[in-house]
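Noted in TrEMBL for the protein shown:
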| type | residues | note |
| --- | --- | --- |
| REGION | 1-23 | region 'Disordered' |
| BINDING | H87, H89, E93, H132 | Ni(2+) binding site |
| BINDING | H87, H89, E93, H132 | Fe(2+) binding site |
Amino acid sequence: MEAWYMDETSEDQRLPHQKNPNEPVSLNKLADIGVLYWHLNPKDYENDKELQNIRQTRGYNYMDLLDLCPEKVENYEEKLKNFFREHIHADEEIRYCLQGSGYFDVRDSDDRWIRIWIKEGDMIVLPAGIYHRFTLDKGNYIKLMRLFVGEPVWTCYNRPQEDHPARVGYVKNFVDDSKKGVALEAH
Ligand SMILES: CSCCC(=O)C(=O)O
Ligand SMILES: [Fe+2]
């Protein structure tokens, strides 16, 4: 996994969009905005004790696989277009990359885009209410495990959603707090 602040050019979304010079983003910074990360063994996902432990601890009882290629996904082009529209969910978005790679873009507390490049073995959790989007990269292929607590709900709420309860909760926990942190550091 690698993450960086995005440049603001409107070129091909599947390009890396790094700034020049690159401005990397650390795991700590991602944790500050509620994004969690693990690296697991994707070859052994059916027996992986570490994955089982995460699923048990966090209550991820639902699991399915999403093989993102035109042959296997209905309305492939439309789905990809919707994935790249900035949105939130009422619940966590949990994705584990088994093959290929792709970009999850998330907004930081100053509303800047952070691009998270996930590859084989990378598992991330986006908290409920975080503005985000997804695109394939130039490799054009990803196989993802999707996890969920209980019956899955994939509903996207496109931005703006400032009054959505998940957004309100997210801002309270992660945006206001990080601003407070800055205010405290300044004293
Ligand atoms: C391809 S999974 C990631 C896309 C997304 O944000 C979503 O499914 O809600
Ligand atoms: Fe999403």
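Every residue, even glycine, has its Cβ placed from backbone N, Cα and C.
Within its own chain, the region 'Disordered' (1-23) is flanked in space by residues 29-30, 37, 39, 84, 103, 105, 112-119, 122, 124, 135-138, 140, which lie at least six positions past its ends and keep a Cβ under 8 Å from the stretch. Same-chain residues with CB within 8 A of the center of the H87, H89, E93, H132 CB atoms, the Fe(2+) site residues themselves not counted, are I88, L126, I130, Y131, R133, C156. Over all protein chains present, the Cβ of H87 (Ni(2+) binding site) has 19 other Cβ atoms lying within 10 Å. Under 8 Å, Cβ to Cβ, and six or more positions away along its own chain, H89 (Ni(2+) binding site) finds L126, A128, G129, V153, W154, T155, C156, Y157, A166.
A strand conformation is recorded for E93 (Ni(2+) binding site) in the three-state DSSP classification. Break the region 'Disordered' (1-23) down by DSSP state and the numbers are 0 helix, 6 strand, 17 coil. Here the Cβ of E93 (Ni(2+) binding site) has 23 other Cβ atoms within 10 Å, regardless of which shown protein chain they belong to. Under DSSP, H132 (Ni(2+) binding site) is assigned to a strand (E or B) in the three-state scheme. Packing around H132 (Ni(2+) binding site) is summarised by its Cβ count: 23 other Cβ atoms lie within 10 angstroms of its Cβ, all protein chains included.
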